[in-house]
Amino acid sequence: MAEDKTKPSELDQGKYDADDNVKIICLGDSAVGKSKLMERFLMDGFQPQQLSTYALTLYKHTATVDGRTILVDFWDTAGQERFQSMHASYYHKAHACIMVFDVQRKVTYRNLSTWYTELREFRPEIPCIVVANKIDDINVTQKSFNFAKKFSLPLYFVSAADGTNVVKLFNDAIRLAVSYKQNSQDFMDEIFQELENFSLEQEEEDVPDQEQSSSIETPSEEAASPHS
């Protein structure tokens, strides 16, 4: 495992409120090729950070969308998926999701419904792309995967091994994330913002009157004396 060189501040998700930052999460069973897809897309220009404390791998990427420079963080599960559930912070402030299954392992396709249900619990509105990975057999692309059709989700046939459709997949995911951020306010974002505002109000109310008044300066007798 790579050394964890990440400072705590680098996991501050407040940065995703900035206009030029987006967060894209990857979901799916173990060994479906999520990490391999990201590495294929980023090629040699990536330095994945293993955040062992948070059980995730963070991939940073800079993209250009409509002439704007966008800083993209791709979040990978780094083993959490073996528990068939992710921590709520993994979904927090995500702007798009890439959900992957292995066309050669039917169980990974069946488990998409579990991942999608959890995604919508935390992020009801963000765009989600379904990815059929490991299409070594071209006949696979002729199969009908009804899950994507059922939920009106885009379906991409890709191969991490030879790169088929990988660049298009990630570029489209970035564009969807940017578009979502510009044009929509997720219900869960509103809830989190309300909770943050409430916490700040509570902190202000808890400050003792003596502490609040301690910053008010009163003139000393020496300063008030006309003979000083």
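Just so you know, glycine gets a Cβ as well, placed from its N, Cα and C.
Note that this is a predicted model, so its numbers are computed, not measured.
Feature annotations, courtesy of Swiss-Prot:
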- 28-35, 76-80, 133-136: GTP binding site (BINDING)
- 200-228: region 'Disordered' (REGION)
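According to its DSSP assignment, Thr77 (GTP binding site) is coil. All protein chains shown were included, and the count of other CB atoms within 10 Å of the CB of Ala31 (GTP binding site) stands at 13.
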